[in-house]
Amino acid sequence: MTNKSESPRWRQLQLCPTFDRCAVMTLLLLLLYSSKVWYVHIPVTALCVSAFVFRGPRRRPEFWFAVGAATLLGTYHDRFSADNHKYLLGYWCLALFCALLDGDPRRNLARTARLLIGLSFLFAAGWKALSADFLDGAFFHHALLSDERFAGLARTIGGLSDADQRFNRAAMEALASHDSTLEIVALRSTPAVAELATFLTWWTIAIEAAIAAAFLWPAKNEGRRVGDALLIAFVLSTYAVAPVLGFGWLLVIMGVAQSPARPGFVPLLYVLCFVVLQLYRLPWTAFVGEG
Amino acid sequence: MGRSPLPLRGARPSWRRLLAVGPVLLLCAVAALQVSLAATQSLSPWKGGGFGMFSTIDSPHGRVLRIYLVRGDQATPIAAPDMLRSLVQAARTIPTEDRLRALAVRLAQGTWVPLEVESAPARYSSLVAEEGADRAPAGAGRYALAGLLRMLGEHESAAPDAVAFDAVRVELWKTRFDADTAELHLWKYLDLTAMAPRGAEEARP
């Protein structure tokens, strides 16, 4: 007689819906945001499409090992330019592989997801705490004046005018131009930009440290819900400003993986975040400008 | 009998435990290596898998490469060609002497000519003329950009107007932002010179 805990039916129940949901979301992430190196992009896309259409491949550990190894290979190829979430995506695919080798895939995946989230934020907060030009507000002040991703925020809250932003772009280009002999340029700023930079500095380090603590501390139900609330707040606030949507999606997927197995508010919120992040790509600043 | 749904069932618990934390250990190992490389080889905290993005101005994008063709006491600024972007990216991300030297040597091995732009009709006419007996009038539709140079691609034939030079100097500058004055300062972190191979020095007497 087949032991109930070893039957395919049991396994299916164990995997569904959390594992399957995470697997499908990861496939979407890989299809849209994986490495563009051809010898990684083409095989990974082919594998992901097949696993998207058929349930079988995405429940096989070999599939996730192949995808994880290919993703990490692509990251190694682009190691001088790859963003940190490309590394994390590789680890996550290997986490899906490891979970499928375990007797309790959902529990294994939840534990790994919590650790990956907690450690990512721990390192992120650690770098910021040790960086002198982050703690004194210089990083965000500079970003608000010169980084296109922060231009909308600098205009709407910081009070920087279009002329100021054009001036700052020209100054940055002059400094970076190959034939430049300049060693210093003055950027145009406002007191509100400096205040906003101070707020962003402390908000960022506080929420990242709090998320690291919430996910690494061995808390029970209520403690974990605090972590969920912080992670969702981070994703919705951070990626509205700096739309690194691949990173946002990956955090949401890991959030789903570690949320309670039973249907409820928390997993639903994460899935809503997954959808909402794509809406951040709409040209909101153009709409505001036209209005 | 179907495939076992749990391939590790029966494996030793220590192996299972190790495998279960494999991705976590990998994250920690890569992040520790990144911290080490940032401390010893000036790897930008933004890169390398250590999660230091948005923690400092010192991103690869914020590091400036200034490159010069040197002839006697004259130094002509040049832009690295797109075909060397991986070397440029490496030099900006983790600017060791070896990486700057690799870029400088590759640039010194190149043939540098005045940069010209060609209008699309002129380009088409010259291609048509190459196929037939007619030759397009030399220089028609081509405009030289004063003072700007470009490196010939691997499949381009040697040009008579190649610029002579003795060496290539590569400088890596880092940025510092003064929040009180909103001034952005560059400071030279490293520079390196590679001598030109014989021939480049004599391209033009």
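Quick reminder: no glycine exception, Cβ is built from N, Cα and C everywhere.
Not measured: the values here are computed from a predicted model.
The annotation transmembrane segment is assigned in TrEMBL to A:38-56 (among others). Outside the transmembrane segment (A:38-56) by six or more residues, the chain places 20, 23-24, 27-28, 30-31, 63, 66-67, 70-71, 73-74, 77 with a CB less than 8 A from a CB of the stretch.
Feature annotation from TrEMBL assigns transmembrane segment to A:113-130 (among others). Nonlocal intrachain contacts for the transmembrane segment (A:113-130), taken as residues 6+ away from its ends with a CB within less than 8 angstroms of a stretch CB, comprise 84, 88, 91-92, 95, 204-205, 208-209, 211-216, 227, 231, 251, 254-255, 257-258.
Under the heading transmembrane segment, TrEMBL lists A:196-217 (among others).
Taken from TrEMBL, the feature transmembrane segment covers A:229-252 (among others).
Here TrEMBL flags A:264-282 (among others) as transmembrane segment.
Note on the transmembrane segment (A:264-282): residues 18, 21, 25, 225, 228, 232, 235-236, 239-240, 243, 245, 248-249, 252-253, 255-256 of its chain, located 6 or more positions outside it, place their CB under 8 angstroms from a CB of the stretch. Counting only same-chain residues 6+ beyond the ends of the transmembrane segment (A:196-217), those with a CB under 8 A from a CB of the stretch are 114-115, 117-119, 121-122, 124-125, 128-129, 134-135, 137-141, 143-144, 153-154, 157-158, 223-224, 226-227, 230-231, 233-234, 237-238, 258.
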